[in-house]
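Noted in TrEMBL for the protein shown:
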type    : residues                                                       : note
DOMAIN  : 376-518                                                        : domain 'AAA+ ATPase'
DOMAIN  : 377-565                                                        : domain 'DNA mismatch repair proteins mutS family'
BINDING : GLY384, ALA385, ASN386, SER387, GLY388, GLY389, LYS390, THR391 : ATP binding site
Amino acid sequence: MKLNSEAKKIYNQIAGEIKKRIILKESLAYLERFSPTNDKREILKRQAYFKENLKLVKPEMRNLLLKIKPIRFRKNFLYDRLLVVDESELEKAQALGVCEVSTEPLEGYDLILSTIGYGIDVDLSVGDIAPELYIMPLWENRETLEALARIGELTGEGSVAGEILEGLKELDEVMKRKGLIGDLDELIASEEKRLNEKIAEKLEKFSLTLSGKELLEFLNELKSGNYEAIFAHFSEVEGDILSEINESEKKLSETLGFTVELFSRENLYPVEVSAEQIELLRHELEKELKVELYLKSREILEKVKPLLPKLKEELKRAYELEFLRAVKEFTEGFTFPEIVEGGIAFINGRHLFIERPQPVSYVVGNVKVTFDGTNGEKVLILTGANSGGKTSLLELISQIIILAHMGFPVNAENAYVEPLDELFFFRRKKSVYGAGAFETALRGFARSLVREGKKLILIDEFEAITEPGAAVKIIGELLKIAHEKGFYVVIVSHLGEDLMKILPFARVDGIEAKGLDEHLNLIVDRQPKFGVLGKSTPELIVQRLYHKKRGKEKEIFERVLGAFRS
Ligand SMILES: Nc1ncnc2c1ncn2[C@@H]1O[C@H](COP(=O)(O)OP(=O)(O)OP(=O)(O)O)[C@@H](O)[C@H]1O
């Protein structure tokens, strides 16, 4: 469906409203599939899609969909492992591009994998050689998996995410230890501190009591350099300290799942662990965990790999559901239009961008609904009160037409829409006057009449940019052409009375002010009266002044008011 630039602006406004509600950027692309189309079958297909899918969206889904993040499996090169293969497999192995490959074992790798018995046995597949490339993204996106599992329950479409999560539980233990390696410095420093405090406390409590005889023996041993005997006196406290150290190392070993020997047995106090020692331990631990992580990942991957294609589909579906959720939020209270022939009609349409709008019904052409005063006219002249809502009605018609051609529900209680090839909206240009503006507008209007096809042309006050006399002639002729070609036209004009005379096929509708409220403000009925020329507001303004003024002035307004009534 073709839209001219103003009609496109309305489409963009609508698209903007939907986009505003879409939280996941991956979901935005879905909107592009719904640009307005003149193809009736396509519109009906889209309607069927929305009817079926919008009902799957539940309010609880919003928070779940918010958690969805893309799960990307990237083919990174893993420098920690070496794959040893037979000469004949070398090329194929290198082509996998996930790690170094060699025909013989080499030093400097944490993991040695092999197809010929040099290390852990593997097949020549990425899943076997680098299962972490699949498992780590899954592990890091457990929140997404949890959300997918729950979404699957809510839609009733099910999910493989639960099963994958179950498999990933096998990694809990290894990953917990991996986390501890990150905190190794703090872990050891705090153990060191605790141990030193404990030893200091013990030393403080320790006192050496010797009897006179023992003291003499002690001095003799000292003289003869018999240190062992001297140390024996202190062995009690030394034993205590050693058992504290042992205890501490045992605790660390349990925490890290690895036998740790960190503290010196030579210099017992203060206990000190050097940075190099920690680094060495870290390296050892990392190496061991790498192997464990590799083995576990491989085991889990074997179980979950067949589920991954479905998972990919589910992720896509989640993005689609987020799009649908936004559509549902935007179209709350809307209805699907009936796709018909013969024109456009809607009952109680509500302007999208006016707060608490008065619902308006309207008909262009000959569709199922008829209103008093209408007779299937295709060319309509909309007249009436200033600020009555004429421009807003043209906008409302455009909104309903555009949404209907997108296959969306529309902002009305009921609607009947014929698929159109083109929609034109010519806005009144308030700021430009003169021949230039007139020429541009005239050209635009004429151009809209050239091509054949089904079209609706909406024009807002064309005459504002030229003299009324000439305007009647120009508009009159152009509308005759539109009528001959069977186009639908709604034109806002203050020249309704003159146009009526020369365009017998056209219907004139009027938006009228109902009167004045108790504060003498205009009350406008936004619903046009069909086949009725809109009573102009000046009369009401005069009436207002007549009511407000006193004395001589009141008399003047009374006379003016009389002129309206005669
Ligand atoms: N259906 C409606 N319900 C509530 N308010 C409305 C409705 N239609 C229009 N309005 C409000 O009335 C005001 C005037 O609307 P609009 O500009 O469409 O009138 P108009 O008849 O085109 O005016 P003008 O004669 O100046 O061109 C706007 O503030 C608009 O928000």
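Cβ atoms are placed via backbone N, Cα and C, with glycine included.
Keep in mind that TrEMBL annotations are predicted by a computer and have not been checked by a curator.
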Completion exercise
Whole-number mean pLDDT, the domain 'DNA mismatch repair proteins mutS family' (377-565), equals 89
Problem - CB within-chain contacts under 8 A for SER387 (ATP binding site), separation at least 6 - result: LEU522, VAL524
Problem - Other CB atoms, at most 10 A from the CB of GLY389 (ATP binding site) - result: 23
Problem - Other C-beta atoms that fall within 10 angstroms of the C-beta of ASN386 (ATP binding site) - result: 14
Fill in the blank from the handout: If you count the other CB atoms within 10 A of the CB of GLY388 (ATP binding site), including all protein chains displayed, you should get 24
Exercise for the section: Taking the Cβ of ALA385 (ATP binding site) as the centre, count every other Cβ atom within 10 Å, in any protein chain shown. Expected result: 23
Completion exercise
Going by C-beta under 8 A and a gap of 6 or more residues, the same-chain neighbours of THR391 (ATP binding site) are ARG427, ARG428, ASP460, VAL492
Exercise for the section: State the count of C-beta atoms found within 10 angstroms of the C-beta of LYS390 (ATP binding site), not counting that atom itself. Expected result: 27
Exercise for the section: Specify the secondary structure state of SER387 (ATP binding site) as given by DSSP, simplified to three classes. Expected result: coil
